[in-house]
Amino acid sequence: MIPPIDDHEDPTTQLAWPTRRGSTSAEGQQEALDGENNVEEVAKKVLTPTKRRLTTWDLITLSVSMAGAQIAWTVELGRLRHSVSSGSRTGLSEQLTSLVWLAGPISGLIAQPVIGAISDSSTSKYRRRYWIAVSTIALVVSTLILAYCQELADFIVDIFDVGVGDWDEKRKAWAKATAIGFAIFAFYVLDFALNALQASLRNLLLDVTPASQLNSGNAWHGRMTHAGNIVGFGFGFLPLARLPLINLLGGTQFRKFCIICIVILVVTVWITCYFHEEQERPSLHQKKSKGSEVLDNIRSAIVNLPRPIRRVCYVQLFAFMGWFPFLFYATTYMGQVMAQEMGEEPDPEYATRTGEFAMLLYSIVAVISGTILPHLANRDRRLMAHHGDDDADAELMRIRNTVREWKAEAARKGQPLRLPVMPFLLRNIWTGALLLFTALTMSTFWVTTVQQATIFIALIGICWSVAMWAPFAIIMELLKDLSAPPAALARHPHVRTLSAPVAGPRRGSDVRPDERQPLIRRRSYDAFDANAEEVTPAARVAGGTILGVHNLAIVAPQLIVAIATSIIFKIVDGEANADPNNENTYLGKNGVAWILRFGGVCTFFGALLCRRVAPTPTERAMRRRLGEMMVLREESSP
């Protein structure tokens, strides 16, 4: 009978949002060792949860704001472009619309790292909720401006008495330009506020959730994010003007959607802030001003970014060069396919709702695949570390005794011994999702009907569920390894390859590198086993700051995408856009399809780089234990 093995926290189902990590020693080995006690003390203060165990209701109230934030995100991704796209009163050309999306990378480059570093350095019990509240207020204001930008423009123009009446072409031109200015300003505020809100919500999760419940907390975060997508795209698809009470709001579908978004956002944020609060903590750096500490944290995180995390960031650069074209232009692509199938310009409202319906299906597919696919990476408890594994020899003895019991049990049943099976590596699942994205975008060469386009958009949800899980799970496990106190690492010398401050054996250790060779033959299944990545721990740089740096790799591709889409639109749809008599938004245009294919090429290169991402520390340890079990199985029974 297989002896029971204690549960081990499985990070593969978690989204990584730790807020603290250890400090890098720039002076070398001696300083790293001398500061070990201080690092452990800091780690205990920062990493040890002080909150009570959370109930399911607590986890729901803690995560529900992510649904509100994601609904606000759908304003930008699904409906904002309708407000500023060509064909509307506040219209921009497609080329200029692409440049408007520069708000994304600018806000991502600034908001998340800065907000994360500032709140990390604060000792106030409001350090997270303060930024949550400020960000929510900014979101409400910017969304209202988007909903009423034309009315605000008319009001401003009337104040300055431009033109002689509503029919005056001069007044119309000034009103349109003013409305565009309001829309662009609101777009930038919305982007900055969203980045700050999401970063603060993730940090709050880490502050109030015990370590043993991080898995559940992040799982609820993921559920609420997908739920926000479903609600947001669902409201975008529904004819809101026909719904009771909502039809009293007046205005366009977009305005009604904005008002609904504001109500949901405020209610969900209030729930989170009311039911949860951070605890005050002692200051770790009394000698530095807050400004210098924030800048130092960001600089240190960028300069000293560990190589495994750096490789994940490289993959994210190419991956999101594929994702942003899809996220920005999926609904527009549906309109262009509809125009191609009908042979005439479709109704803009109907085309947009059809695109929103496809995005709704995409969100549902993401929920389903996000529930199923993580099971491919489920860790067999028999391959996980045991709480009694105080050192490498104790672990080896446990594995030997366990295999002996398995062999005896199998012999009694007259069956061959079946060892545990390694799960799919996270990097392999991520690679597969990137290749699937490439294949789907290339299929647009053969997409000619709305039904085919809907299936294409829905299937992309499979790739999105992996994009929101696998890379964050990899980084989270690396950060956990970096943040582990030295005492914990010393108990498991076989995992110190990812956390040793210097190369070579740990000072004071009684175990030599070759001491296990006489006990058992070692097998290597991958080049990463023989050449493990070396990561230097750092306690001065907060984990939230490192995640902010990771976010830079996610938002930076928008700069390239904005330029690339402008060029593609100019080449493919330039003639149609240059015709002053052509007022069509979709008919005769095919630029979005080529933009999606451009993204597919980028994700293909991302898949190639993904092969350079090392297995996580847990995956390597599991593979090593399985190799030892295979060797022990071949030995003669005692």
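Using N, Cα and C of the backbone, Cβ positions are placed for all residues, glycine too.
TrEMBL lists 12-28 with the feature compositional bias 'Polar residues'.
Per TrEMBL, region 'Disordered' is recorded for 1-35.
For 95-118 (among others), the entry in TrEMBL reads transmembrane segment.
Residues or ranges marked as transmembrane segment in TrEMBL: 130-153 (among others).
Per TrEMBL, transmembrane segment is recorded for 173-194 (among others).
Counting same-chain residues at least six beyond the ends of the transmembrane segment (230-248), those with a Cβ under 8 angstroms from any Cβ of the stretch are 67, 70-71, 73-75, 78-79, 256-257, 260-261, 264, 352-353, 356-357, 359-360, 362-364, 367. Annotation comment: TrEMBL describes 230-248 (among others) as transmembrane segment.
Only residues 6 or more beyond the boundaries of the transmembrane segment (254-275), in the same chain, are considered here, and those with a CB under 8 A from a CB of the stretch are 58, 61-65, 67-69, 71-72, 74-75, 79, 82-83, 129, 132-133, 136, 139-140, 143-144, 146-148, 197, 201, 204, 231-232, 235-236, 240-241, 246. Per TrEMBL, the feature transmembrane segment maps to 254-275 (among others).
Residues or ranges marked as transmembrane segment by TrEMBL: 317-339 (among others).
Taken from TrEMBL, the feature transmembrane segment applies to 359-377 (among others). Residues of the same chain lying 6 or more positions beyond the ends of the transmembrane segment (359-377) and with a Cβ under 8 Å from any Cβ of it are 12-13, 78, 222-223, 226-227, 229-230, 233-234, 236-237, 330-331, 423-426, 429, 454, 457-462, 464-466, 468-469, 473.
When Cβ-Cβ distances below 8 Å are used as the criterion, the transmembrane segment (425-447) is approached by residues 12, 315, 319, 322, 326, 333, 337, 373, 376-377, 453, 456, 459-460, 462-463, 466-467, 470-471, 473-474, 593, 596-597, 599-601, 603-604, 606-607, 610-611, 613-616, 619 of the same chain, each at least six residues removed from its ends. TrEMBL lists 425-447 (among others) with the feature transmembrane segment.
The transmembrane segment annotation in TrEMBL covers 453-475 (among others). Through the fold, the transmembrane segment (453-475) approaches residues 11-17, 222, 225, 308-309, 312, 315-316, 319, 323, 326, 330, 333-334, 337-338, 354, 357-359, 361-367, 369-370, 373-374, 377, 426-427, 429-430, 432-434, 436-437, 440, 443-444, 447, 546-547, 550, 613, 616 of its own chain, all at least 6 residues removed from its boundaries and within a Cβ separation under 8 Å.
According to TrEMBL, the feature transmembrane segment maps to 552-572 (among others).
What TrEMBL lists as transmembrane segment is 592-614 (among others). Counting residues 6+ beyond its ends, the transmembrane segment (592-614) has Cβ neighbours under 8 Å at 308, 311-312, 314-319, 321-326, 329, 332-333, 336, 427, 430-431, 434-435, 437-442, 444-445, 447, 474, 528, 532-533, 557, 561, 564-565, 568-569, 572, 620 in the same chain.
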Intrachain residues whose Cβ lies under 8 Å of the transmembrane segment (552-572), provided they are six or more past its termini:
94-95, 98-99, 101-102, 104-105, 107-109, 113, 312-314, 316-318, 320-321, 324-325, 328-329, 589-591, 594-595, 598-599, 602
Close approaches to the transmembrane segment (130-153) from elsewhere in its chain (Cβ under 8 angstroms; 6 or more beyond its ends):
65, 72, 75, 80, 83, 89-90, 115, 118-119, 124, 175-176, 178-179, 181-183, 185-187, 189-190, 192-194, 196-197, 199-201, 204, 251, 254-255, 258-259, 261-262, 265-266, 269, 272-273
